[in-house]
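Taken from TrEMBL as is:
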| type | residues | note |
| --- | --- | --- |
| ACT_SITE | B:D66 | active site, proton acceptor |
| BINDING | B:H62, B:H64, B:H142, B:D212 | Zn(2+) 1 binding site |
| BINDING | B:D66, B:H67, B:D212, B:H270 | Zn(2+) 2 binding site |
2 protein chains.
Amino acid sequence: MKFEVTILGSSSATPVFNRNPTAQLLNCNEKIYLIDCGEGTQHQLIRFGLKASKIDAAFISHLHGDHYFGLIGLLSTMHLNGRIKPFRIFGPAPLKEILEMQFKYSDTVLRYEIEFTATTADVPEVIFENGDMTVETIVLNHRIPTTGFKFTEKKRQRKLLSEKLEADQIPVEYYPLLKRGLNLELPGGKLIVNADYTRDSEEPKSYCYCSDTLADGSYLDSLRDCTMLYHEATFLDELLDRANMTHHTTALQAAQIAKTVGAGKLLIGHFSSRYKTLIPLLEEALTVFENTELAIEGNTYAI
Amino acid sequence: MKFEVTILGSSSATPVFNRNPTAQLLNCNEKIYLIDCGEGTQHQLIRFGLKASKIDAAFISHLHGDHYFGLIGLLSTMHLNGRIKPFRIFGPAPLKEILEMQFKYSDTVLRYEIEFTATTADVPEVIFENGDMTVETIVLNHRIPTTGFKFTEKKRQRKLLSEKLEADQIPVEYYPLLKRGLNLELPGGKLIVNADYTRDSEEPKSYCYCSDTLADGSYLDSLRDCTMLYHEATFLDELLDRANMTHHTTALQAAQIAKTVGAGKLLIGHFSSRYKTLIPLLEEALTVFENTELAIEGNTYAI
């Protein structure tokens, strides 16, 4: 199953010359989900040759503008481009009010339905589930109610060992049962032992998205053993006081969190506009957690 | 006096690869005014090396997103960058409600004051005046309440004829009176005839901004003899039906309006995303009105 994330924006509060505010596109088995949507996200989609029409849902972490000011424009453009497929939005309850007010005053009646699910930042909750994946909120600690999101693949069926099945001439009609893990006793009494003809499928992968938050450890349980952790790393650790004051995280802290929770890989982003080059942020994280990468706009990272 | 306009966005409803939604920056004697503010306007300012901090006021024509979705982000960025100078906004009344709601939910208390003036689309009104300039609304005919804006220089004082003043040894203390057009009789009875020592100043220039509107002639009185007319030209005239249906103007109609009102120059913009090249729009306008230019992003046009 395809499971990858494309970075559309990696800047924090204000855009800078070559960095846009936060937005990511997650591809889970060809279902496309937008995570946060800073101003100019629709421009970034155009820039990277990605189609807004393919997006199925948006997950908005909180109502600071650098995480959602681009949503209303994207929704408007999809309307103007003829979208009729419903669009799901997960985010703080007032987001619905903000969007509806803007549609009201522009006298816009969308051609497609918005299915809005309000998130709360009280306890982690499963907010979405389909055949491939479950999405659960991560309760972050920011200046206003903020959630991250944990996207977890569902456990796949067992994999068939084709050569063995063919060698023993096991009838094809039993394959679906074997995939589901059953042992079979045939009418003549012959036993088909599942373990002889199947192997376990890969462990489900997970992607945790954490932006923005104070690195206070309160949400680490949500991140345990995730395959890839995206964590904001707004500042270098020399600005730890500023990070604490603004409820943000330093690159060093992000790496410590990745290490503590046993993440497979760390992706850092949400960089302060003061950093012209991002290498020092990467180097700082690498001192603690080796498998770290910078979230670079336009890049796609396999989870 | 400097009087010029820089184009920040020239696209209509949706952004396209190389065109942003509508925004312009007007420089009137080094006071900087933003006219409309589509999504990504703050990115365009960065791109063209222009400073948001220098902007004194914004004039918003109407509440279709391609004309104002970028305002909230720009206001937020100015706040984060430490602005304390008040910022004036002229636009439809609900704009205030939309901005305030977004600041409320992001828990933002701006460091600077927003001085909001609600426009109405009933009759033309003078909404702003300073020593250099008067701004009057233009009542346009769009699908929702929409105003254009007419920026008119104030008549300058008379110009002194320095050589003549010096030759006749006219005392400097009389210069301010002469600039104001007075004739003077000195204590000894000597007459200083104003016309001998001054000439009339240049005629005040004016810039009319018309976007978006049906080209129905209802607002032409507001445009008479303007120095430069910016008029939307969303479509080629072959799409006149579509222009009428969506309350927009064709390039041909924009040129006819410029000719009818006796504009000095026509600038066309707000181009539909369907036009990959803009030359046909320019050529169509040129068949009717010779002094036409395309509004090209990043270009500055002297008024």
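Quick reminder: no glycine exception, Cβ is built from N, Cα and C everywhere.
Just so you know, TrEMBL annotations never went through curation; they're auto-generated.
Checking the binding-site residues B:H64, B:H67, B:H142, B:D212, B:H270 against chain A with a Cβ-Cβ cut-off under 8 Å leaves B:H64, in sequence order. Cα separation, B:H270 (Zn(2+) 2 binding site) to B:D212 (Zn(2+) 1 binding site), rounded: 8 Å. Long-range C-beta contacts of B:D212 (Zn(2+) 1 binding site), restricted to its own chain and to partners at least six residues apart, with a cutoff below 8 Å, comprise B:S12, B:S61, B:H62, B:H64, B:H67, B:L140, B:H142, B:T146, B:E232, B:T234, B:H247, B:H248, B:T249, B:H270.
Same-chain residues that are not part of B:D66, B:H67, B:D212, B:H270 yet have a Cβ within 8 Å of the Cβ center of the Zn(2+) 2 site turn out to be B:S12, B:A13, B:P21, B:T22, B:D36, B:G38, B:S61, B:H62, B:H64, B:S211, B:E232.
The sparsest Cβ neighbourhood within 10 Å, among the listed binding-site residues (B:H62, B:H67, B:H142, B:H270), is found at B:H142. Sequence-ordered, the extra residues of this chain that approach the Zn(2+) 1 site, with Cβ no more than 8 Å from the Cβ center of B:H62, B:H64, B:H142, B:D212, are B:S61, B:L63, B:H67, B:L140, B:R143, B:I144, B:T146, B:S211, B:T213, B:H247. Taken residue by residue with DSSP, B:H67 (Zn(2+) 2 binding site) is part of a helix.
Less than 8 angstroms from the CB of B:D66 (active site, proton acceptor) sit B:S11, B:S12, B:A13, B:T14, B:P21, B:T22, B:G38, B:E39, each of them six or more residues away in the same chain.
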